Amino acid sequence: MLDLQPSDRRHGAPSSSGGVSGGDELIRTYKGWKGNNVFFLGGRLVFGPDARSILITVFLITAPVIVFCIFVGRKFIDDFPHHRGVSVLAVAVGLILLDLVFLLLTSARDPGIIPRNLYPPEPESNEGNGEPRLAHTPQSRLPRTKDMIVNGITVKIKYCDTCMLYRPPRASHCSICNNCVEKFDHHCPWLGQCIGLRNYRFYFMFVLCSTLLCIYVHVFCWIYVKRIMDSENINIWKSFLKTPASIALIIYTFICVWFVGGLTCFHLYLMSTNQSTYENFRYRYDRHENPFNKGIVGNFMEVFCTNVAVSQNSFREKVSKEPAIPPRTVNGGMSSPSLQKVSNDIEMGRKPVWHETVEEELGDIEKDMEAGVASRDLSRMLPPEESEGRGIMHSRESSRGRGIMHSRESSRGRRGGSWELSSRVNEDLRTRDESVSRVGEDSSESSDNDASRDLHVEIYDAVTSRGRTGTGIGRL
């Protein structure tokens with residue numbers, strides 16, 4: 001069974017030494033948060049990135065109730081003895097206050113965010129499979145999924161590249177909030193927040209209260225229309241003209257109740273089967289047994305009768321402003337810089353750009369080749385007899401090294417196949433021909449001189465043909 005204990009290398013977690021180093025600047029965790037959340041009151045309230053949509057939701061709830069209380073509910077005060085008609089207004093106000101409280105509890109709390117790791121987990125060792133490993137081999141690729149046993153049923157858990165962790169069962173990564181959320185249900189655009197383990201019950205109560213509020217306003221608007229019909233002995237159409245506010249509320253609540261009422265029934269079904277909206281839409285348990293199903297009673301008790309899970313994040317805790325990522329070791333050796341750079345890119349929420357690493361490696365190779373080309377001048381320091389014997393060989397090696405180098409330099413920073421090498425190659429060949437001619441004059445072997453000239457022509461033809469075909473290092 002796979003162990004999923006929380007890692008001590010999570011973002012914002014204190015170090016094992018008891019805190020951060022004394023020289024680092026300390027900030028609150030929420031100020032350096034890498035997700036897209038919006039924080040208020042010093043990190044005490046946690047909203048999603050689209051928190052402004054809450055204002056629209058509040059308006060759609062409160063505006064109809066205000067209209068109801070002014071134009072409809074107030075008319076019922078004198079219709080009951082001992083001013084019992086005030087209870088009509090009191091119930092409406094109570095429902096809307098309860099609805100707004102559940103809205104705040106849903107949208108302003110941590111939905112169950114899983115803290116992200118500072119770097120990827122250690123790869124599984126190959127011990128026991130007979131495959132030898134070198135001390136400085138590159139870091140192996142992490143498997144995309146792993147198996148975990150839940151109530152005797154195998155469940156696959158996935159690796160999150162952004163958070164650099166294996167997500168627990170039923171968790172998923174929200175692309176809007178940029179967080180992994182435990183028991184992820186969905187991201188609600190009306191509340192601007194993810195719905196997960198820590199706020200699902202409050203979300204359901206919010207939807208239920210909204211449904212009851214719509215039904216309540218809808219019913220009492222019809223009662224008020226009926227009261228006008230009976231008191232003035234007119235038909236329903238004329239009564240509508242007497243109270244246009246009631247007609248508007250009847251139409252509005254009728255439309256809304258189809259949405260919030262249908263949502264309430266849908267989540268009642270999900271709770272009875274212990275599913276999430278995300279799991280239901282993916283048809284995850286259509287052909288497989290649900291390992292989390294505890295029966296109807298057990299499922300409802302799990303939602304409403306259990307303690308709210310403690311948040312894994314301390315948003316007000318002081319941490320280092322930019323925590324340094326310690327270098328990884330692979331079997332006792334330090335990891336390569338390219339792997340460390342990829343880890344940093346993932347931690348910053350950015351996909352690794354592989355061509356940057358390639359350009360760095362090409363830069364190192366280019367420096368080595370420059371050093372190799374510069375060594376041709378050492379022949380001038382040799383004794384005359386050795387210089388004469390090695391002149392032709394040295395010119396050949398120099399022409400090869402510089403030919404490759406020029407092709408790389410001319411292609412650097414270009415995307416197409418236009419190399420434009422002719423002018424630079426001609427100049428280099430002219431310089432080398434002069435050098436070879438001097439060596440040929442000192443040497444009695446004229447045949448070697450002719451062979452060297454033929455070699456330069458072949459190099460020129462090969463380089464220009466590579467430029468026309470668009471192949472070579474420049475195509476990287």
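Every residue gets a Cβ built from N, Cα and C, even glycine.
The shown structure was predicted, so the numbers you read here are calculated from the model rather than taken from an experiment.
If you look up Swiss-Prot, you'll see 1-11 (among others) marked as compositional bias 'Basic and acidic residues'.
Residues annotated as region 'Disordered' in Swiss-Prot: 1-21 (among others).
Residues or ranges marked as transmembrane segment in Swiss-Prot (evidence: sequence analysis): 53-73 (among others).
The annotation transmembrane segment is assigned in Swiss-Prot to 85-105 (among others) on the grounds of sequence analysis.
The region 'Disordered' feature in Swiss-Prot is assigned to 119-138 (among others).
The feature domain 'DHHC' is assigned by Swiss-Prot to 158-208. In this model, the domain 'DHHC' (158-208) carries an average pLDDT of 94.
In the three-state DSSP reading, Cys188 (active site, S-palmitoyl cysteine intermediate) counts as strand. What Swiss-Prot records for Cys188 is active site, S-palmitoyl cysteine intermediate, and it gives similarity to another entry as the kind of evidence.
Same-chain residues lying 6 or more positions outside the transmembrane segment (209-223) and placing a CB less than 8 Å from one of its CB atoms are 61, 64-65, 68, 72-73, 76, 88, 91-92, 95-96, 98-99, 102, 246-247, 249-250, 253-254, 256-257, 260-261, 263-264. The annotation transmembrane segment is assigned in Swiss-Prot to 209-223 (among others) on the grounds of sequence analysis.
Outside the transmembrane segment (246-266) by six or more residues, the chain places 60, 64, 67-68, 71-72, 204, 207-208, 210-211, 214-215, 217-218, 221-222, 224-225, 240 with a CB less than 8 A from a CB of the stretch. The transmembrane segment annotation in Swiss-Prot covers 246-266 (among others) and rests on sequence analysis.
Under the heading region 'Disordered', Swiss-Prot lists 320-340 (among others).
Residues or ranges marked as phosphoserine by Swiss-Prot on the basis of similarity to another entry: Ser336 (among others).
Here Swiss-Prot flags 373-454 (among others) as region 'Disordered'.
Annotation comment: Swiss-Prot describes 387-412 (among others) as compositional bias 'Basic and acidic residues'.
Swiss-Prot lists Ser418 (among others) with the feature phosphoserine.
Summarising the annotation, Swiss-Prot assigns compositional bias 'Basic and acidic residues' to 425-441 (among others).
In terms of DSSP helix, strand and coil, the domain 'DHHC' (158-208) has 9 helix, 17 strand, 25 coil. Sequence-distant contacts of Cys188 (active site, S-palmitoyl cysteine intermediate), defined by Cβ-Cβ distance under 8 angstroms and a gap of at least six in the same chain, are Thr106, Cys194, Ile195, Tyr203. Within its own chain, the transmembrane segment (85-105) is flanked in space by residues 54, 57-58, 61-62, 65, 68-69, 73-74, 76-79, 191, 199, 202-203, 205-206, 209-210, 212-213, 216-217, 220, which lie at least six positions past its ends and keep a Cβ under 8 Å from the stretch.
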